[in-house]
Amino acid sequence: EQAFRFFFFLLLTLCSIDTSAQVCRLLGQPVLPLLSAQKDVNIGAVLSFHRSALLKMHTFTSKPEPTICGSFNLRGFKFAQTLIFAIEEINNSTHLLPGVSLGYNIYDSCSSIAQTILSSMSLMNGYKQTLSDTSCSRPPAVYAIIGESNSSPTIALASVVGPFSIPVISHFATCACLSNRKRYPSFFRTIPSDYYQSRALAQLVKHFGWTWVGTVRSRGDYGNNGIAAFEEAANQEGVCIEYSEAILSTDPKEQFLKTLEVIKKGTARVVVAFVALGDFVPLLKVMVQHNITGLQWVGSESWITSRTLAETKEYSFLSGALGFAIANAKLMGLREFLVNVHPDQEPNNEILKEFWETTFQCSFRTTGSGACTGSEKLAELQNEFTDVSELRIANKVYTAVYAVAHTLHNVLKDLKSSTNSSTKEQPTPQKMLAYMRDVRFTVKTGEEIFFDASGDPVARYDLVNWQPAGNVGLQFEHVGVYDSSLSSEQRLRVNQERVLWARNTGQLPVSVCSESCPPGTRKAVLKGQPICCYDCIPYSNDCFPCDLEYWSNESKDKCVLKVVEFLSYTEIMGKVLCIFSFFGVLLTTIIYFLFYLHKETPIVRANNSELSFLLLFSLSLCFLCSLTFIGRPTEWSCMLRHTAFGITFVLCISCVLGKTIVVLMAFRATLPGSNVMKWFGPFQQRLSVVSLTLIQVIICVLWLTISPPFPYMNLSYYREKIILECNLGSAVGFWAVLGYTGLLSILCFVLAFFARKLPDNFNEAKFITFSMLIFCAVWLTFIPAYVSSPGKFTVAVQIFAILASSFGLLFCIFIPKCYIILLKPDKNTKKQMIGKSS
């Protein structure tokens with residue numbers, strides 16, 4: 001706010017108004033771009049060519065002197081050259097903006113808010129010394145502005161330009177506050193918001209178990225907003241902040257010493273530094289003087305990929321530092337472009353001379369040994385400007401230029417295709433702003449670029465680790481990624497084996513306020529301290545009960561989840577039952593094929609071979625239905641297991657009952673004058689099987705409709721574990737299914753018992769009697785065993801009853817026939833079958 005007041009007061013003092021001509025004449029010197037090239041359409045940029053501006057107190061009684069900027073910024077100059085490289089690449093393209101050439105006006109903000117505002121006004125209005133009443137009606141000098149690198153100047157830039165709907169695209173301003181569309185309606189950026197980085201840092205700290213950390217931040221929009229978001233996310237993750245210090249590059253040395261003293265006295269071994277690079281360097285210099293080492297640094301993207309810091313040997317104590325950085329990229333042809341920069345390209349350009357003097361530590365103003373000759377070679381130099389191995393932020397400048405170019409391309413394309421040809425409409429900043437909200441394209445690095453409703457891109461970060469690199473200081477090792485587009489559990493991925501920690505060790509540092517309490521003790525939070533700080537005191541009698549799904553551990557100091565028990569396929573009992581079930585199916589199949597191969601023999605044809613084959617099929621289903629009782633109970637498996645059991649067994653008993661009745665009828669039919677078989681022929685036999693089975697189907701349908709079985713967690717049987725079982729839903733339905741099956745079994749047993757002594761050589765009734773005797777015995781003993789068996793043994797008892805009764809029917813009815821077929825073929829004749837026993 002003070003900067004805006006100063007600026008508008010300054011504007012009044014710098015203009016004199018000629019009322020007769022309605023002309024505003026600038027009294028001071030106009031702000032000129034340091035690099036410019038005028039073309040068909042021009043792009044503006046505000047970058048930090050210098051790290052600081054010499055601020056003077058203005059008396060407002062005389063004309064202010066021009067701002068003096070100091071400490072040349074190679075990084076900012078590299079951003080400017082990357083911008084020019086991208087523009088020249090677009091101008092040489094035949095696909096993007098054909099027939100239209102882009103120009104540029106690049107201003108120096110000197111990392112100053114006031115200078116950024118002056119530059120933004122010059123970009124909107126131009127830099128002429130006189131402004132008339134027609135100046136406001138002409139098109140703006142630029143259609144979009146790229147910049148600034150820091151958040152605070154960018155906030156000023158977006159605030160001034162926003163009301164005029166000129167798009168502002170930043171490559172490095174990460175303050176989450178800039179996502180506020182009401183305050184900054186024309187702001188976009190190609191770098192993710194600090195909102196995501198702060199949450200990523202909190203998740204990273206939690207991932208390594210660091211619950212006690214200190215924080216250092218820049219005293220500005222970048223640091224204040226970033227660390228506030230970090231503290232909020234850290235609180236949600238259960239991480240506590242021991243101290244929070246704020247620094248600024250313009251602070252006196254005493255302030256940095258005070259911050260250093262806080263860090264030294266702190267017990268946290270991990271320091272999260274959400275600091276701008278320019279603010280961090282003075283603190284590091286003080287730390288070098290006092291030999292502060294052994295801290296585990298966690299950094300923000302502003303400094304975590306700075307080659308200047310990494311290659312300075314005095315800062316080797318930063319080895320092991322971790323932080324999130326923008327994904328790296330390769331820009332083909334950029335290094336060749338950078339090393340060709342030379343003052344001779346624009347002999348009158350002072351910024352090129354200053355760059356040359358800073359790079360080669362020489363001067364164009366002197367002669368002799370320290371003079372610049374112009375023959376120096378950038379290609380032979382390896383510094384922050386010529387290094388293209390780390391183009392994380394430079395790539396965002398490149399992307400920002402292409403975002404403007406693609407937006408302008410879409411605007412011109414639509415204007416060209418407009419049906420209104422009477423007036424040639426020109427692009428406007430308002431159209432650029434509207435089209436930029438929907439722009440979507442892919443740069444040659446393969447990255448897809450688009451903006452969300454807040455003007456932000458998708459947040460993707462590389463996790464980098466500072467590791468020794470011999471004589472060149474430290475290098476950046478890629479050890480993980482963070483992707484905000486994934487689920488919260490998958491966003492952070494860390495390759496911990498590749499991480500090197502502070503003091504160049506492979507041992508994970510420990511940073512906690514209090515160690516974990518030993519068994520038999522509990523946490524007692526200290527008054528006035530964060531929740532991470534506590535005493536461990538022995539347990540008293542004031543124990544609290546665990547929730548129903550939990551149980552106390554052996555030390556009685558923590559509630560742990562109870563073991564969930566059910567009959568599983570993986571345990572021994574489940575495997576054994578499965579083997580018996582599959583053995584039953586295999587044996588039934590073998591007998592089926594044996595009968596099929598001998599289907600024309602008397603032993604098979606006797607007593608309705610069709611019922612025999614149907615009985616074998618139903619027995620296979622009985623063996624298979626036992627498998628539905630094994631495994632984790634679900635809603636579908638609970639309904640299937642009981643209904644499949646009831647229907648398959650009734651089908652089986654119906655077939656046995658039909659065969660028993662056939663035996664009785666066949667004996668009656670041999671009596672003189674008897675025609676009873678016509679009342680129970682093959683059709684009637686099939687009908688009886690279908691009718692008896694249909695009754696069971698109806699019972700099952702009614703059961704499933706009214707109150708079906710469902711999975712149920714039985715918490716009352718055992719205190720230390722949960723029994724996962726199938727609740728019957730309706731006990732009446734279950735016992736109706738079981739009772740109907742029992743009724744048919746008893747009826748079949750009684751009929752077979754009466755027919756057991758009929759005088760045939762091969763009387764099947766006596767084998768049916770034995771089978772039904774076994775069947776009824778099994779299921780009569782099942783009832784008390786089922787009621788009294790606990791947990792998974794209840795299911796095992798039911799499976800055992802199914803398998804035992806199925807094997808009883810299979811062995812008693814079919815094994816005697818198989819014996820005759822295979823071992824006594826001489827008895828497999830019609831004469832033997834119908835002969836009377838003596």
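Just so you know, glycine gets a Cβ as well, placed from its N, Cα and C.
According to TrEMBL, the protein has these features:
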SIGNAL    1-21  signal peptide
TRANSMEM  572-597  transmembrane segment
DOMAIN    573-837  domain 'G-protein coupled receptors family 3 profile'
TRANSMEM  609-631  transmembrane segment
TRANSMEM  643-667  transmembrane segment
TRANSMEM  687-706  transmembrane segment
TRANSMEM  734-755  transmembrane segment
TRANSMEM  767-787  transmembrane segment
TRANSMEM  799-823  transmembrane segment
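With a cut-off of 8 Å on Cβ pairs spaced 6 or more residues apart, the transmembrane segment (572-597) and the transmembrane segment (687-706) reach fewer than 3 such pairs and are scored as not touching.
Put simply, of 609-631, 643-667, 734-755, 767-787, 799-823, the stretch with the most CB pairs closer than 8 A to the transmembrane segment (687-706) is 643-667. Here the listed stretches are 609-631, 643-667, 734-755, 799-823, and the one with the most C-beta pairs under 8 angstroms to the transmembrane segment (767-787) is 799-823.
The transmembrane segment (734-755) is not in contact with the transmembrane segment (799-823), judged by fewer than 3 CB-CB distances under 8 Å for residue pairs 6 or more apart in sequence. Mean model confidence of the domain 'G-protein coupled receptors family 3 profile' (573-837) amounts to 80 (pLDDT, 0 to 100 scale).
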